[in-house]
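Chemist: Feature annotation from TrEMBL assigns domain 'TECR-like N-terminal' to 5-80. Positions annotated as domain '3-oxo-5-alpha-steroid 4-dehydrogenase C-terminal' by TrEMBL: 155-308. According to TrEMBL, the feature transmembrane segment maps to 85-107, 166-184, 196-215, 235-250, 256-276.
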Amino acid sequence: FVSYQVEILDWKTKEQLCFLDKVEPNATIREIRLMFHKLYPRWYPARQSIKLDPKGKSLRDEEILQHLPVGTTATLYFKDLGPQIGWTTVFLIEYTGPLFIYFLFYFRMPFVYGLDERFTASPHPVVNLACICHSFHYIKRLIETIFVHRFSHGTMPLRNIVKNCFYYWGFAAWLAYYINHPLYTPPSYGKKQINFAVIMFLLCEAGNFSINVALSDLRRDGSKTRKIPYPTKNPFTWLFFFVSCPNYTYEVGTWISFTIMTQCVPVGLFTLLCFIQMTIWAKDKHYTYLREFKDYPSLRMPIVPFLL
């Protein structure tokens, strides 16, 4: 076979970092990362971004050298992604925080509201229900992180964990402060509004879990190759007929129902931000599907059936 020569340059300075000789044509990008790591131990594979073009997208681990648009002397560009942290660890940190932060406000710790003992319990049943639902949501997320999720990217930049925790932990404190406040006012339409919201909440949680399991099953063999997700016999997965990211649709539905249940403005603002962020993610995934699969179902929208 014809061996390849691989030149790796710094993406900014264009300075040559290494020259790999006699690389096999069927070598993957992952294998090239490992070769590069041997020469530069401080840049472990997860920290490396290897590109065909300095301003282009990172090449995936499974891409094969001879299938890339390069000659037998290939020029690749390296970018340091900085210190990395595993996605499982990221999610465990992000989701454990809100779970325990909420309890500080629910149990009316003296340093939170500065009130005497007669205010340590709320007279409104919906406050107890909101705590149960909020806790259930994050416990479910933690269980999915450990037992369900399969990540296509093993790590993310360590610096992002601070921003993510500020978002999740900060909002959890803001929501909990108002929902558990001694002056909290229960929903206007009483039990009817609360019961409707609880049913909607449980349905959306079940739907979100079903979609996460279906997506996980696509990679049961350990493959990181992207596949088109399709509905299964589970009715909750039938939303795949209409949207590319029903897990986000159900997630937004969960927070809409929590907003209705608590009738709390901060919860509504959090829900709005969730919807905006998840719409951005859903559109990105949707257009990736369209780009990679010519036979992708034409009826699907990114996140909202028939609309968005």
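Here the Cβ of each residue, glycine as well, is placed from N, Cα and C on the backbone.
TrEMBL does not curate its annotations; it predicts them automatically.
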Chemist: At a Cβ cut-off of 8 Å, and with pairs 6 or more apart in sequence only, do we get at least 3 pairs between the transmembrane segment (235-250) and the transmembrane segment (256-276), yes or no?
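Modeler: The transmembrane segment (256-276) and the transmembrane segment (235-250): touching, no.
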Chemist: At a C-beta cut-off of under 8 Å, are there same-chain residues at least 6 beyond the transmembrane segment (166-184) that contact it? List them, or none.
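Modeler: The answer is 94-95, 97-98, 101-102, 104-106, 108, 112-113, 115, 119, 122, 124, 127, 130-131, 134, 262, 264-267, 270.
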Chemist: Using a Cβ cut-off under 8 Å, which residues of the same chain at least 6 positions beyond either end of the transmembrane segment (85-107) come close to it?
Modeler: 120, 127, 131, 134-135, 138-139, 141-142, 145-146, 149, 151, 153-158, 160-161, 164-165, 168-169, 171-173, 175-177, 179-180
Chemist: Would you list the DSSP helix, strand and coil counts for the residues of the domain 'TECR-like N-terminal' (5-80)?
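Modeler: For that range the per-state counts are 17 helix, 29 strand, 30 coil.
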